[in-house]
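To start, the structure itself, in structure tokens.
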Amino acid sequence: MYLVVCWGRVTGNMISTRHCFSRCKSRSVRVIKATAMLFVAAMLFLALHMNFSHEASQQNLHRAAPISSPTTISRSTVQIRNATHDFLPASSTPMKDELIETESEFVDGFQRNEVIACSDTSEEFRTDSKRITLVNSQSGVPCPIRPPALAGRFVPSKKSSTYHELAAMFPDVQDGGHYTPRMCTPAEKTAIIIPYRNRCRHLYTLLPNLIPMLMRQNVDFTIFVIEQTTPETFNKGILFNAGYLEALKVDNYDCFILHDVDMIPIDDRNMYRCNKMGPVHFSPGVNKFKYKLFYSGLFGGVVGFTREQFRLINGASNLYFGWGGEDDDLRNRAVHMKLPLLRKTLAHGLYDMVSHVEAGWNVNPHSKGAHSLYDMLNKALGVQAGWNVHPNSKWPLRLFDSVNHAPAEGAGWNVNPDRFKIYSTSRQRQHVDGINSLVYNVTWYRTSPLYTWVGVGFNKTVITNSIPEDLRIGPEADNTYLTGNFTIIS
């Protein structure tokens, strides 16, 4: 019932009741609909913990220039390194040298901006084509399996330190981010590979927690920050492979720890050592999942391979542009080569994830707010345990695919909508997709007292075309990635 009185604005006469009610009802419906839409939108943003970027001021520092087309590219482009080495499998087919379509102006500009953003001064870095010289331990005493200096579980610092604070904090870390214990000789040399783009705050939150933990563990380590410098969608697998190859140009490392920049360890009994039996998953328990294993096949966050293991599986896939699928594909590669999967116990393999407050409106489908949404769905449906909506199931992720239309971190860290189809061809393309097919160039190589910083450029078309077309993507999605058989180790 609409109890309204409408008056003519021109004649001053009363408008017909029917016309009045019709017009007022139409306006009321529009107002109600608009209000409802605003309410739903507000609730959705609240539930999913969407965040505005407080780092938007840095976004311009990392804004990439468009890649020139093949018709306009000049011969001043950077010549690609041949990524094929003598330690690759005998079945590997060497790739010819390629030209990466990266304008030198873009490379130089990106290089300067990154140094300013993450060190405040370019004087702290030096460019050295001869690489770093490692100084190893002179002690003949083997390091103990369980060092006495371990503190156990600790409360990590969530403060993002400055470059100068970190450099002063760790004077024993040598140029290039290398450290070796003085009182004993470690059993292996370890390369920490950190894939990176536009995550200064995360990097400088990770390092003040990671470095002292590695020191207490008597790890002989070198930290490599591998940054994607081209404006392609972020590809973590390519950075893993490039980091592996570039690290081997520094030293013949025994162990490679592939470490997400936002994963902060909180227990130093989680020893950063590789295992000759098989690859190790170091991070089963993360705070956003209440320190419980998210799903049985989880292989993301922090993982470790020996040099031979990573070579045997042909490294990581180069085809996953965007979020999702690359870690599960990496796990499958080990399974295909009959390597047993090892996982640290939940008593020690614990991590806190740095809050993702990035530029753009992207939603992390595994955020706390997202899990609250799944909980509400499950309660509302009143279904049995076997019918619950899994946070990693296919249809909820489509919701995030549609929401994540804006680029994350100003660089395109979006959900990959084809990740399950790419995953379906994992076994068939493993021998042709990886370190033996990687085409990339080193846009810069810089060392500092904290890390070795390597800029990596690549072209998506060149990367994709290096794989046979029938092996790049399958016709149907494969959702079997949720399962995995692991042996728990301490």
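Glycine is treated like the rest: Cβ placed from N, Cα and C.
What Swiss-Prot records for Asn51 (among others) is N-linked glycosylation site.
The N-linked glycosylation site annotation in Swiss-Prot covers Asn82 (among others).
Look at Asn441 (N-linked glycosylation site): DSSP puts it in a strand. Residues or ranges marked as N-linked glycosylation site in Swiss-Prot (evidence: sequence analysis): Asn441 (among others).
Per Swiss-Prot, the feature N-linked glycosylation site maps to Asn459 (among others); the stated evidence is sequence analysis. In the three-state DSSP scheme, Asn459 (N-linked glycosylation site) is classed as coil.
A simple way to gauge crowding: the CB of Asn485 (N-linked glycosylation site) has 10 other CB atoms within 10 angstroms, across all the protein chains here. DSSP assigns Asn485 (N-linked glycosylation site) to coil in the three-state reduction, outside any helix or strand. Swiss-Prot lists Asn485 (among others) with the feature N-linked glycosylation site, giving sequence analysis as the kind of evidence.
What Swiss-Prot records for 1-30 is topological domain 'Cytoplasmic'.
Among the features that Swiss-Prot reports, topological domain 'Lumenal' is placed at 51-490. A mean pLDDT of 76 is what the model gives for the topological domain 'Lumenal' (51-490).
Sequence annotations record features per position, and here Swiss-Prot assigns transmembrane segment to 31-50 based on sequence analysis.
Rounded to the nearest whole angstrom, the C-alpha distance between Asn459 (N-linked glycosylation site) and Asn485 (N-linked glycosylation site) is 35.
Distance noted between the C-alpha atoms of Asn485 (N-linked glycosylation site) and Asn441 (N-linked glycosylation site) is 37 Å. It is Asn441 that, of the glycosylation sites Asn441, Asn459, has its Cβ surrounded by the most other Cβ atoms within 10 Å.
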